[in-house]
């Protein structure tokens, strides 16, 4: 049976912003591999670190992500056309001749470009995520044969709603007014006003994305726009490689940090559900959405919105994720860990802050002090500061429950034939938690840290040595040292321990105090 999705895309040209990001790369790979009759894919890429868009695309082709295309369908690689530009510029900074070509030839737009820095200043988030979306919409309005514009948002952009419906709610303020204010206010002024502007939003990312949704909604139904809201995007489930990931954002960064022994505590409500979605399943849904919307007999009165989340079907909790992650980190330990991976989540903020002080901050300063003594470059305090910021941002998502309607998302599969159901799998219920988390951690090890599985014996040896050291240090700091202080200054404790006989007599420090004649 032929793929009806491929037939719908046949000869259509696609324009993608954010092509160099994780989701952008997976989208391009999946379209070229599974929708081979697509006309071409224009990929908006900006110059970065002295590299042109063309050279960045060349580097992209070399990634393991594109291995099955290189091996099975190398001819489709010529369908990817790099477009030099940036959503921070008017007309996206695209050459006028190429821009006219896009106006004439493109029919599907995927707008993925965004600043993913949750801790970014508000002005940066507004310029990139909100005004950048406005610029992409301005370009889309001049595309002559546009049949679909898919805007990538986030499932967490409405913190003031207990349950997230698949609709765009009115923003708390007019996005145009906010953008106008941001143009004349200084960075310092915006920084001072940020808390009152964000209100219930914990960061600039979700706020700027919420305003961007409002801008997209303004163009419906004049433009065939739609909004997709994935939850926390995690490494791929199956395609094109199990565990593929190219950054340490979100839970994978937490796993790697904990596996390296750097992160020892996280503020998290363990029994809350983990709301995540593998990147390949999210991309499958996004590719199907234009086909789905255009297959409907009549246009929806409301802008189509799809919450790409597990919704009410989820069962996995953050504690389960942590427990499986810890077991996997011991089975596949990272190379060169700073300490034995033995951190934990804590639902009490005060206890978490104490643990951060004793397990994160003080050890970081101790390590940097030793580096200073030995004339080495100090790095640990800087790393811990970055980790603290990252954890603070991530805790926004792990210390509250999130509830989503997913009717539109689930409806996508209902119109697919058996071939497309297999090709564009969107069933989150088939994912087995333990094997998936294991593949995520291995993916972070292979694709982010560039570690090789053949080095596992060495890594396991390092892990075992650190386990012994961790046990000894923990026993000294949390048992022997407090006990030594107690028996040194309180006679009742000495008398009590004197009944311990030979066992107490040979305890380091404590034995000599309890039995001074020994």
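Even glycines carry a Cβ here, placed using N, Cα and C.
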Listed range which TrEMBL flags as transmembrane segment, given the options 337-355, 356-374, 375-393, 394-412: 356-374
Transmembrane segment per TrEMBL - which of 442-464, 465-487: 465-487
PLDDT averaged over the residues of the domain 'Fatty acyl-CoA reductase C-terminal' (359-451): 87
